[in-house]
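Colleague: Relevant sequence annotations retrieved from TrEMBL are reproduced here:
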type: COMPBIAS; residues: A:546-560; note: compositional bias 'Basic and acidic residues'
type: DOMAIN; residues: A:70-432; note: domain 'ResB-like'
type: DOMAIN; residues: A:449-526; note: domain 'ResB-like'
type: REGION; residues: A:532-560; note: region 'Disordered'
type: TRANSMEM; residues: A:72-90; note: transmembrane segment
type: TRANSMEM; residues: A:129-151; note: transmembrane segment
type: TRANSMEM; residues: A:219-241; note: transmembrane segment
type: TRANSMEM; residues: A:472-494; note: transmembrane segment
Amino acid sequence: MSEITCECGHVNPEGTVLCEACGKPFEENQHLNDNKPEQLLNMRYDGSARRSQTYQRTIVDKIWNFFSSVKIGVSIIIILVIASALGTVFPQEMYLPPGSDPTTHYKEQYGILGQIYYQLGFHNLYSSWWYLLLLAMLGVSIVIASIDRFVPLFKTLRKQKPKRHVNFMKKQRIFGETTSTDIDYKRLKKNLKSKRYKIHEEEGHLLAEKNRFSRWGPYVNHIGLILVLLGAMLRFVPAMYMDEFLWVREGETKEIAGTDGLYYIKNEDFILETYDMEDEANSQFQESLQNQSGPVPENYQTNAVIYERTDLPVVPGKEPELEKVREAEARVNHPIELDNGISLYQASYQQNEFSSMTFKLHDKGNEDTDYGQFTVNLIEPKDEYTLDNGTTIRLERYFPEFELQDGEPTQVSKFPRNPAFIFEVKVPGEETEVSFAGIGVNIDASGENDYKVGLVDFQTRDVTGLTVKRDYTLPIIAFGAAIFMIGVIQGMYWNHRRIWIQPKDTGVWVAGHTNKNWFALKKDIDRIVADTGIEPPVDQQEEKDEAERGNDDGIISDKQ
Amino acid sequence: MSEKSSKKKKKRLIFRTSLLLIMLSLIVFAVVSALQDDDVTVAEGEMAPNFALKKFGSDETVELKDLRGKGVMINFWATYCEPCKEEMPYMEELYPEYKEKGVEILAINLDTTDIVVNQFLREYQLSFPILQDEGGQVMNLYNIGPIPSTLFIGPDGRIEETVIGPLTLSKLEGHLKDITPSS
């Protein structure tokens with residue numbers, strides 16, 4: 001086995017770049033972190049051995065290594081971002097106007113690009129198999145890449161020793177040599193402690209470290225992301241997530257979808273209130289209300305009664321025996337909540353569906369005559385109506401929503417949106433007459449009628465649209481998002497800082513490393529070495545950059 | 001030393017394999033659930049869910065499970081559906097013959113207004129039972145989208161075939177033959 005035994009005696013796993021204990025760079029592995037001689041050390045993952053870099057035996061390892069790659073992870077993210085953006089170019093299928101046919105809609109509305117969009121399946125992008133697969137691959141990549149980096153980094157930071165290798169020290173970005181024999185170590189340690197560094201000592205060598213936990217920020221953040229993905233995935237489980245829609249007409253009692261027939265709802269009344277301009281209480285809205293051309297809705301509300309079915313087990317279709325649970329109101333953002341986690345949200349409405357129509361019988365030529373009136377209930381019409389003078393009017397045909405197709409009246413839906421009737425009028429002692437009546441139509445079938453059935457009045461009812469929703473995944477997603485944020489804060493607001501102090505025969509060496517905010521680390525060190533006889537170390541990277549800038553354009557930077 | 005590291009490697013392989021398998025099964029679950037189309041009828045080969053509906057124009061209730069042992073054809077229709085009307089005469093034509101052979105036809109009507117259905121029945125003179133599903137509960141139970149939709153249920157209570165859209169006389173007869181109990 002190719003474990004690496006360092007000259008300090010520590011045995012490192014295969015693929016280690018910097019000795020876990022003393023930090024000695026192992027020559028044969030420097031390419032793994034792109035380290036070049038004469039350059040500062042790349043300190044990523046503290047030079048720990050990422051197995052994926054060296055270890056390829058079985059197919060499992062190969063899959064593992066594929067997903068461990070940050071390049072692959074970033075590529076997946078880029079593809080996802082581009083795909084997600086493309087999905088917003090034209091509307092998704094579910095947002096098309098009701099009744100439109102996606103096979104033709106995209107071509108008609110958006111031309112050839114729309115056609116391509118539809119054929120490539122972008123009209124249903126966010127639930128397409130390849131989009132979900134990309135999301136899943138991102139999840140796998142996050143898990144594997146995190147494990148593959150967290151574990152070795154954790155081990156390395158736990159095993160690190162204060163005594164570092166010469167090459168490690170020299171190749172740190174912050175490094176300084178002091179030649180002096182008069183160094184106040186006591187003062188140094190006191191200064192380190194006052195800056196809240198934890199001090200580890202080995203044969204006089206010092207390691208001062210703080211905020212190591214900030215290195216775990218990205219991994220905590222990834223745990224949060226995985227929780228969000230898992231929560232989103234649980235939406236496929238009906239017990240966890242349900243989203244249905246329910247139209248209920250005023251006066252109608254309907255089974256609540258998704259409750260397995262256990263609950264019913266009756267719509268007592270649908271209310272649409274608008275802002276009253278005259279009302280004193282609305283005076284602060286006066287100006288904005290006046291800017292609107294029409295009335296502004298203030299409240300959408302369904303007054304409902306919730307029933308529970310008592311004849312169990314539920315046999316679908318069977319006339320239910322219902323027991324009233326309670327009366328409840330659904331308003332926008334104030335849903336009716338049932339015991340089983342289901343909420344009914346006020347989501348939509350239709351107004352003014354016809355519920356009844358009143359007709360009067362009059363002479364064909366004179367609308368002022370009146371032989372009596374009758375009212376047809378459009379939900380359950382009667383077969384026959386009798387007027388006071390003994391005239392019978394038989395409802396021969398009823399079309400709840402009628403359309404003329406090839407001159408024939410046809411019914412297009414079961415809802416009384418455009419009702420039409422064929423009446424047989426039988427006045428005692430006279431011939432039976434047939435008339436066809438509807439909204440804006442009144443046809444005399446034979447052309448020889450004496451009477452006419454005229455519409456005098458109608459009643460309407462409203463339909464309420466309720467969203468039936470159960471969502472237990474939201475707390476999981478919110479929890480994941482909170483963990484995500486904690487990880488971000490942990491990694492962003494603290495920095496992992498380390499300072500190494502090495503006593504030498506001639507004086508002392510100081511080196512420093514941080515994962516971000518080098519300026520602050522430099523400032524820390526400057527304060528710590530003050531009055532200890534140690535000269536402040538330099539930022540070798542900045543010196544090099546400055547030197548290069550100086551060579552390039554001859555301008556001397558005033559940066560310190 | 002090498003024994004220890006080969007043990008370590010084995011452990012690592014087991015860990016990686018099991019983690020990959022767990023993630024793979026989660027992915028399969030997610031993709032499969034996402035691709036299951038909500039709009040299709042109850043799957044062929046499954047047991048037909050039970051229901052009880054009132055027969056039109058009477059107080060008699062028909063419950064599906066009472067018909068076990070017979071072939072059952074369930075036809076979802078409405079008076080405002082033109083293709084539904086076209087296949088009604090075919091059903092009427094074949095009904096007496098197949099009723100003899102142990103096949104029942106249940107025509108589930110989705111209208112809400114009795115008088116409309118009455119007028120339709122007066123015109124068409126249908127002899128097979130018309131069931132009323134005013135609330136659309138059975139329609140929801142069977143995930144019926146467009147009508148007409150027809151299900152053919154074998155004597156064992158399993159759904160043999162679902163047909164979305166109108167049937168021709170010969171196709172209808174073929175399907176009825178398939179669900180005729182052998183005796």
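A Cβ is built for glycine as well, from the same backbone N, Cα and C atoms used for every other residue.
Annotations in TrEMBL come from automatic prediction, not curation.
Let's see these features in context: how buried, what's close, how far.
Modeller: Looking only at the domain 'ResB-like' (A:449-526), the predicted model's pLDDT averages out at 92.
A Cβ distance under 8 Å defines the sequence-distant neighbours of the transmembrane segment (A:129-151), meaning residues of its chain 6+ beyond its ends; these are 45, 50-52, 64, 67-70, 72-73, 76-77, 79-80, 83, 87, 216, 218-219, 222, 225-226, 229.
A Cβ distance under 8 Å defines the sequence-distant neighbours of the transmembrane segment (A:219-241), meaning residues of its chain 6+ beyond its ends; these are 135, 138-139, 142-143, 146, 149-150, 470-474, 476-477, 479-488, 490-491.
The list of residues near the transmembrane segment (A:472-494) in space but at least 6 beyond its ends in sequence, with Cβ under 8 angstroms from a Cβ of it, reads 211, 213-232, 234-235, 239-241, 341.
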Colleague: May I ask for the residues of the chain that lie six or more residues beyond the transmembrane segment (A:72-90) and have a Cβ under 8 Å from a Cβ within it?
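Modeller: Same-chain contacts beyond the flanks: 66, 106, 109-110, 113-114, 117, 122-123, 125-126, 131, 134-135, 137-138, 141-142, 145.
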Colleague: Go ahead and report the DSSP secondary structure tallies for the domain 'ResB-like' (A:449-526): helix first, then strand, then coil.
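Modeller: Reading the DSSP string over the domain 'ResB-like' (A:449-526) gives 29 helix, 36 strand, 13 coil.
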